[in-house]
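**Q** The structure under discussion is supplied below as structure tokens; questions concerning it will follow.
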Amino acid sequence: MIYRESGQFKTSYRADQAIFPIPQDRYALFALLAFAFIAVPLGANDYWLGSILIPFLILSLAALGLNILTGYCGQLSLGSAAFMAVGAYAAYNFQLRLPELPLLLDFLLAGLVAAAVGIVFGVPSLRIKGFYLAVATLAAQFFIEWALTKFGWFSNHSASGVISPQPMTILGYTLTTQADKYLLVLGIVSVLALLAKNLVRSATGRAWMAVRDMDVAAEVIGIRILHTKLLAFAVSSFYCGVAGALWAFAYLGTVDAQAFDLNRSFQILFMVIIGGVGSILGSFLGAAFIVLLPILLNLLGHLFGGAVRQDVLSNLELITFGALIIFFLIVEPHGLARLWQITKEKLRLWPFPH
Amino acid sequence: MELIFFFEVLVGGLLAGIMYSLVALGFVLIYKASGVFNFAQGAMVFFAALAFVSFQSWGWPFPLALLAALATMIVVALATERVVLRKLVNQPPITLFMATIGLTFVLEGLAQLIFGTDVHRLELGIPDDPLEIQGMLISTFDLIAAGVAALLVVALGVFFQYTRVGRALRAVADDHQAALSIGIPLQHIWAIVWAVAGFVALVAGLLWGARLGVQFALTLVALKALPVLILGGFTSVPGAIVGGLIIGASEKLAEVYVGPFVGGGIENWFAYVLALGFLLVRPEGLFGERHIDRV
Amino acid sequence: MTATSRNIGSTLLDVRNITLRFGGVKALTDISLAVREHEICSIIGPNGAGKSSMLNVINGVYHPQEGQITYRGVPRRRMKAHEAARQGIARTFQNIALFKGMSVLDNLMTGRNLMMKTSFIQQALRWGAAEREELEHREKVERIIDFLEIQSVRKTPVGRLPYGLQKRVELGRALAAEPSLLLLDEPMAGMNLEEKEDMCRFVLDVNDEFGTTIVLIEHDMGVVMDISDHVVVLDYGKKIGDGAPGEVRNNPEVIAAYLGTSH
């Protein structure tokens, strides 16, 4: 099918404001979802499901959360992993202490707890901006990591603060296989991504972007700055919190606070930069890139007959990541999402570009 | 006795704070001259220290190893300017900041790739015996480190105030465009500042390395310098010093007097929370200028 | 068209004895002025006279140390800019302050944020009320797009538009808020003759069709004298003239401030 919109005329604002105004985009998305929900769980092996797709989806969700805060509302955060940790520990405690609650409600509540913590750490954003705020979010990172390890209550007094959630059960059905877990994660991530997309193209999203682009003008047009920023912190932390809960429940099964350290925060930030700042799609592209890159490097290492030592390889990985970040910032500051958009623009005109 | 113990903790904290100031100083230099918040300063400290001990372990004498390490840092600075900064001129500051996070990874990876991942002991020949003054026990090493830091600050002050390059640096810090328009070569200036910051990183790396051993954990020291920056303001050299003293002292006091009540280990975040609380009262830092929005 | 034919009403905005200081510097000294409903009031004066500061005081960006502002008969306490917006005061800026990363349409829609009542949860779900609201406001905004003749660029990011069009979009964003008082800070600065004429037409039409009261800062005396009902002259933070264009033009103090003749 040729990607072309000639002959498609929108006759109402409703049609023009649809989530995917071009029919080809809609069909492509349906096809992708059908593939992800039906073909993948049938066809993929456990390694792909459990070690690549599940972490990819969860990290996409976290990147989406950070993108809402940083990409849309312009507040740089270096503490996303801490909010993941809050979500993980909160979900664990809800499951442990209120076993009668259904699992999905645990996740929802965990997200809300993370949102509340996010609001607390977002309050300084009214008075401090830019780098000062970025540094301030490190306070969240270190304080939360410390608190979760230090106070045994959070981990039910397990040794060194490790939590191991019970198996996940939904409506009496226990999720055991990787395919089950994958479907759960995919379902949650799809719904939350849809909600995020709706949010950023509504009045709320416009308020976020207005604050990002020019806060004085935003206030003059009637936007309450603090309210807007705190909402961004809350929604962003909610997403990170749910991602953290899934990280503990669906991916690792056993985690401690160190799984959500500063390096994780950086990893999520890199996904946003590489994928595309201020783009929902970019969050997914960035996550895919960052998850796949080490695997690719490893494969390359094997291609050289395993001659490359492991520590050399991990240092090469560090260098590659760093260099890629710089490369993207220089060449395409809007990331993979922008490249995708450019490709689409070209396709719209192809094969008659003039 | 109680009081003497209090002062002992206080002085120990102040001296440790000077060490933070040393790292913060590198941040301030680069921020002043190029508006870049250089997250890679910690990686530079690590890189410098690792380069130095590696040269020493190859049997080079101390002065040669020192010069070689300095030369290495200058090469790093020049490369950074050419490959990263020059390509990102006129980008928003936040983009440059993220680029320096990328640079952090590159430097950390590169350092370990070239010089290996072993933990090295670093012997500077400075005695670390406790010195008794007025009944307080104070580390000689800390005292000497403080002296070195003071010397460095004075030297930088003279450099900025009285040399041609220093004047150009201050002009660039004030207004890039205006400096360009009167013919100050921006790129040279940036390269020089990064090289000076590399030198500061080397000094900090040697002192910290002698203290903790030269290892990856050195990069974390930079994270300790960030609250110092918040407190002192990003553009103020005296701010970096005073901020370091405050953070060092209050951190030690808090660990000793508050720590036991919450189970200890609060050193990791206390400085941040302190700085954050301070910011809420005075968003521009101790020595920063109050900013009036013009619309 | 004369001022009297447009039935200018009673006082809408009453500014009394405003003094504004930044540290030791007095930006405004004891300024009083009154703007009546439906009129076009111009504030003129040399650079640094305090014109923009005056607008910033009126819409709550700056807070004067002394004086009282009464809007629609209600004396105002110290308030934030977004509260002024809520009372129906909108403005444009001297150096364009558009949201650069957003499209023209989104910039204008932002002007209507105040009037959008659905919660963010409804917006996330985009159910019923939220979608209806979005469409309603889109229609209102499209009317402004038609009025300003910027249909062809509605989906373009504003950062990519030429200067003159950006100024127009900024006016559109202010209009989208359906203000009762519109503050324009040098709406025609840096424009060529044709663009100025367009902008004049828009300002007059807004005043005429929507009955919006307008306070504007402008340096082009031809424009000021043509479209204003009422001119206020500032110099060094003090008011030196106030009245109909004809009166102000012949005021010796004003002439001195502009031409620099000795008193």
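The backbone N, Cα and C atoms fix where each Cβ goes, and this holds for glycine too.
Below are the features I grabbed from TrEMBL:
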TRANSMEM  B:6-29  transmembrane segment
TRANSMEM  B:36-58  transmembrane segment
TRANSMEM  B:64-84  transmembrane segment
TRANSMEM  B:96-115  transmembrane segment
TRANSMEM  B:135-160  transmembrane segment
TRANSMEM  B:189-208  transmembrane segment
TRANSMEM  B:228-249  transmembrane segment
TRANSMEM  B:261-281  transmembrane segment
**Q** Determine whether the transmembrane segment (B:36-58) and the transmembrane segment (B:261-281) share at least three Cβ pairs under 8 Å, counting only pairs 6 or more apart in sequence.
**A** no
**Q** Hey, which bits of the same chain come close to the transmembrane segment (B:6-29), Cβ under 8 Å, at least six residues off its ends?
**A** 37-38, 41-42, 44-45, 136-139, 142-143, 145-146, 149, 152-153, 156, 193, 196-197, 200-201, 203-204, 207-208, 211, 221-222, 224-225, 228-229, 232, 234-237, 239-241, 243-253, 256
**Q** Six or more residues out from either end of the transmembrane segment (B:64-84), which same-chain residues have a Cβ under 8 Å from its Cβ atoms?
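**A** Result: 44, 47-48, 51-52, 55-56, 99, 103, 107, 187, 190-191, 194-195, 197-199, 201-202.
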**Q** For the transmembrane segment (B:189-208), name the stretch out of B:135-160, B:228-249, B:261-281 with the most CB-CB pairs under 8 Å.
**A** B:135-160
**Q** May I ask for the residues of the chain that lie six or more residues beyond the transmembrane segment (B:261-281) and have a Cβ under 8 Å from a Cβ within it?
**A** 224, 226-228, 230-231, 246-247, 250-251, 254-255
